[in-house]
Each structure stands twice: as structure tokens, then as C-alpha cells.
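Step one of this worksheet: look at the structure below.
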């Protein structure tokens, strides 16, 4: 950080050794000139004067800019006018061999050494010809037009070194306030910029003067340096190389940002929580967490976001754009993260591993969601009833119970559902598809949960245990039904006779007594049944299926009750007295 004292121009200038300057191509020299021009513009309005025009004539002969230096002097007149004096050609030509380069200290306490390679451009802008002494009025009534044009540039210099100027005894208090509060502002629409060069580029947009045009795509730019950077997109040129890892970049600013990965430097600190960041843009995004600001609004639906990237991602929902395509199967995605996660399907790679149980996942979000099983964390709470959930989508689906919202509608029959999974499961009824197949017995199922429950018949797994009596169950729903035996709860009531039941299936079975309905028909013999369970048991007569096997002797049975009766032969149990 530069503090009060002398600031040499070399501290802000771009320096090239003699041999490197000769290696620069015309485009690179043009870029160098434009950067130096911007710096000179900033210095002029801090009180730095211009040299004699005879020195400029030397530049017209394309002399090496590295060998041209000049000393400029400033003098204040009592009448409130500032006289700018140049030096003659003879003294200027001798400066290249002088060892002592004198510097100028202006009223802000800064000293600068001028490089003259770009001063010809300044003279053209000021329309000065044939004079060695130019007077510039500094009183309010006689402000020069050039000073008006570049007032924003002066603000940039003051803003850039605000820490040096804030405590400077030479700077008026009102000017300090301007430094702190008013960055460069556009006179057309009032938009503010932190950097004067961006303001200048913005003003070129208003004048429709974009003189630099790309021959590849016809895009126009306000200055040649932007055009040079843009053309690297077409050429693929990446001239800036990281010496640590060899990675290449097309902009030096990107290289500087990348190098912080190796150095670990995080110069941007949040004053609210102390968190540090490698990029200023990351700090700005983070700061909105504290302020709650969401400046990016979707024009389609009005939804607001705290990051422009989030808005861009959201807008693809409306446009249907899916620019990220898998080269393996052709599937397209709206976001790069979606494609990255999808590619794992082809590679089989699972990068994220749970330290508790060793289970691996192909997405970090899935691992985070899984780890809540071990921690028991349920961070999402319903404001209506206080119920908590492990996942946000579960809370969203639950909340629709209170609102009655059913946004997912079947196009075949018009039935609506609270969540997408309910609609997806329902659609299989119309298609007849049963995509989930048991590897043990080849039985197929419409839902993955049904397959998981079925597979426990083969494994014997009963993960759900009753805390009251210790009985185990293969399904959580069976445990919930069983638990009502202990509580005596019977939440299902018949509207005809007001009889109550502990199970919804028992109520459905009971209702058929009133309706006389037998809606389940055997396709083999035409026999009808009032319950689906009865039909399934009956169908085993035709298929010969015996899914219940005794582990003691290997005998098979068509019904679970028959297996239970048989098992008593081995145990010797005689429950009926």
C-alpha cells in the first residue's frame, strides 16, 4: 500500500527492457501505448504539464520511446492562473543521456516521471501548435473544455489512491468527500463506475463511436486493446503462462487471479464476518448474504437473485435452452454442473465418499444430503405445523398439504399430484411399464420402493423395529400400522356406518360390504374378488407360485399363513389350548 510521500510513475507504469521492446509486435505496442495514454490522461489533471512540441517532433520520426525522457515544471501565478512551461528541444535531446532524472512533485504530494512515447497523442487532443508556454485557467469561471472531458479520469486517480489522499494536508475536505462518495459518473444516464477507463468506454457507447471492428464476427469495440483481447477468442491465443503449473490464459488479469491459487493469497476480506476471498467479485457476491440484496430480476416471472449467474441459469427454464451436450449419449443440459454430474454415469466414477459408512456418491450435494442420516439433522421446518425435514424438497412437498396445491397434472386422466414423483409413478399405470426387476426371481415392479420392499423377502431383512414390543418389519408403513395396536388409534372411519379402523386398507375392504362391489377379476377363470389381496392369493392356484419357503426343511407354500402353521412342526409350538 502506497502511503504519503512520493509515488514514482514507474510504480504504475508498464516497463519493458530494451531487448523485450524490440520483440513486441505492432498489436502489443499499440496495447502498451493505450495503457500509457490512459495513465498520462490521469496525471495531466493532477497538475502534470506537457513538454515542448519540438520533443513531439522527435517522436514523429519513430524514435525509440525508451530513450526519450523529459522534465516538466509547474509554476503558480498569484492571479490564480497556472502556467504550464515546456522545455526546448536541445535540453530534451540531452535528457536521454543524463543520469539524474528529475521528478516533479505536485500539490498532492505525488511525483511522476513522464515517458514521452505517447505525448504526441495528448498534443493532438489539446489542439496545441507552435507554442512553448500555454496558460490553463484554474478558476471556476474559466474551466477548460478538456478538463470537463477528463474530470472523470481525475476522479479515478483520486479514487484509486484514496488512502493516500484522505489524510493529505494538501487536499480540501470537499475533494476528500468526493473521493469517498462519488466515483466516475456518466452524464448520459447517471451510471457510476469505479474506473475512469470504463466510464470513457461507456461514453463511447452513447456517441455510437466504436472505431475498432473485429473482422471475424463484426463486433465493435471502443478501443484497440479490447479488440486485441477479443480476437484471442477466435485465434485461441493464450500468451500468458503460469510458471507454477503451466496453465495458459488469454488475459494477464486472469493469470494474476489464477496465481492466487498457488500463493494462497486472499486479499479481499468481508468486514461483517471476516471471511476472505481471492477475488473482489466473490466478496461482492458474499456481501449480499449479509445485506439480503437480490439485484438480478427475471423479466419473465419476476423472481429475484443475488447473483447474475443464478439469474442466467434460471432464465434457461423459460427459454428451454440446453447448451451443454453429452458427447457420449447426446443428452443436453441447461447447466454445466448438470452435464458434469451426468458424465459420471458413463465413467462410473463416484468421487464423494461418506466417512461414516463408506457409501460413495457422484455429487457432493447427494453426499451432504446422505450425511444427515448419520447426524440426524433436520434443518427444514414447516412454519405451519412445526414439522421438520431432512431435505428441502420434502418440506416443499409437505407444505402443499397445507395449501392444497397440486401442480403436477396427468395429461391422460387429469389427476393432479402434490409432487413430481407422485405423477411419475402414476403415469406408469397408463403405460403399463414396470421398469424395476428383481434379480432373484425376475418379478417386475412399477416403483423402485416396491422392488426394495420385495427384495427383503429374499434377504430376510427387517430394518423397522417397534420400540414397544421389539417386533421387526420389512416396511416402515407396516411398522406404522402395527404401532396403532399399542396406541389404540383408529383414524379411518366408514361414512356409512361410522365404524373405525386402524388401517386404510381395512376401511377400503369394509366399504365393499356396503357397495357389494367385487372389482378384482381373475383373468384365468373369471372369478371376482372384493380385495386385491384375495385375487393375488387365488392366482397362485393357476401359476403354481409358492413364494413362502421354510428355512428349516425347504418346503414351499402359497400363503404366509400356511408357512406359519407349518413352522410350528419344527418349533413344537401349540398355541391353541
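Numbers run from 1 along the shown chain.
Glycine too: its Cβ is placed from the backbone N, Cα and C atoms.
What you are looking at is a predicted structure, and each value in this text was computed from that prediction instead of being measured.
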Among 142-164, 464-486, indicate the range for which Swiss-Prot gives the feature zinc finger. 464-486
Touch test for the zinc finger (380-402) and the zinc finger (408-430), at least 3 Cβ pairs under 8 Å: yes
How many helix, strand and coil residues does the zinc finger (464-486) contain under DSSP? 11 helix, 4 strand, 8 coil
If you average per-residue pLDDT over the zinc finger (296-318), what number do you get? 84
Please work out the helix, strand and coil residue numbers for the zinc finger (548-570) from the DSSP assignment. 11 helix, 4 strand, 8 coil
Beyond the flanks of the zinc finger (548-570) by at least 6 residues, Cβ under 8 Å: 537, 540-541
What does DSSP give as the helix, strand and coil breakdown of the zinc finger (268-290)? 11 helix, 4 strand, 8 coil
